[in-house]
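So TrEMBL says this about it:
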type: BINDING; residues: 26, 27, 28, 29, 30, 31, 32, 33, 68; note: GTP binding site
type: BINDING; residues: 33, 46; note: Mg(2+) binding site
Ligand SMILES: Nc1nc2c(ncn2[C@@H]2O[C@H](COP(=O)(O)OP(=O)(O)OP(=O)(O)O)[C@@H](O)[C@H]2O)c(=O)[nH]1
Ligand SMILES: [Mg+2]
């Protein structure tokens, strides 16, 4: 990013508040609530969903943390179920253009190794999401 572009972005951020919505999907025990609400060893499985708002700079993120039940089913077998569910979801027209791992040719994809427990890469994920969010207008 050039200096002029960076300056314009900074100027823009002074006047324009941005909002984005984010749905966290994943099987039970994936760590969705820990990511949005804070890490704890004793987490209660989410029933329904939680909604939280997180503000970083001039960007407000509305986070929809969806429950991943059935809640007592976590093993390697779930990986293939998770994969097919994700691909099924991404094939929906409403989600076209949303970043995913299915194809790296028509949208940007990023993969981070994160830990809510050790606060590893959480900020990097939020920064990436803000940078790549789709504008509603
Ligand atoms: N080691 C480690 N454990 C984690 C991490 N994040 C979450 N956990 C643990 O994983 C378990 C499940 O975390 P949750 O955040 O409740 O998972 P969830 O995806 O919201 O689960 P559902 O609400 O049932 O869909 C809890 O015991 C957490 O302590 C992490 O970064 N590292
Ligand atoms: Mg949860």
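Along the chain as shown, residues are numbered 1 onward.
Glycine residues also receive a Cβ, built from the backbone N, Cα and C atoms like all the rest.
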Among 26, 28, 32, 33, 46, which binding-site residues lie by ligand 2, judged by Cβ under 6 Å to any atom?
32, 33, 46
What is the biggest Cα to Cα gap, in Å, among 26, 27, 28, 29, 30, 31, 32, 33, 68, the residues listed as binding GTP?
12
Looking only at DSSP and grouping its letters into three states, which state does residue 30 (GTP binding site) belong to?
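The residue in question, residue 30 (GTP binding site), is coil (DSSP, three-state).
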Please report the Cα separation of residue 33 (Mg(2+) binding site) and residue 26 (GTP binding site) in Å, rounded to an integer.
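One finds 10 Å between the Cα atoms of these residues.
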Starting from the Cβ of residue 33 (Mg(2+) binding site), draw a 10 Å sphere and report how many other Cβ atoms land inside it.
24
Tell me, how many other CB atoms lie within 10 A of the CB of residue 30 (GTP binding site), whichever protein chain they belong to?
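Other Cβ atoms within 10 Å of residue 30 (GTP binding site): 15.
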If the GTP site is taken as the center of the Cβ atoms of 26, 27, 28, 29, 30, 31, 32, 33, 68, which further residues of that chain fall within 8 Å of it by their Cβ?
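Near the GTP site, the remaining chain residues are 46.
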A 10 Å Cβ contact count, applied to the binding-site residues 26, 68: which residue has the minimum?
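Result for the binding-site residues 26, 68: minimum number of other Cβ atoms within 10 Å at 26.
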So among the binding-site residues 28, 46, who's got the most Cβ atoms within 10 Å?
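Its Cβ has the most other Cβ atoms within 10 Å: 46.
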Which residues, sitting 6 or more apart from residue 32 (GTP binding site) on the same chain, put a CB under 8 Å from its CB?
24, 25, 26, 46, 65, 66, 68
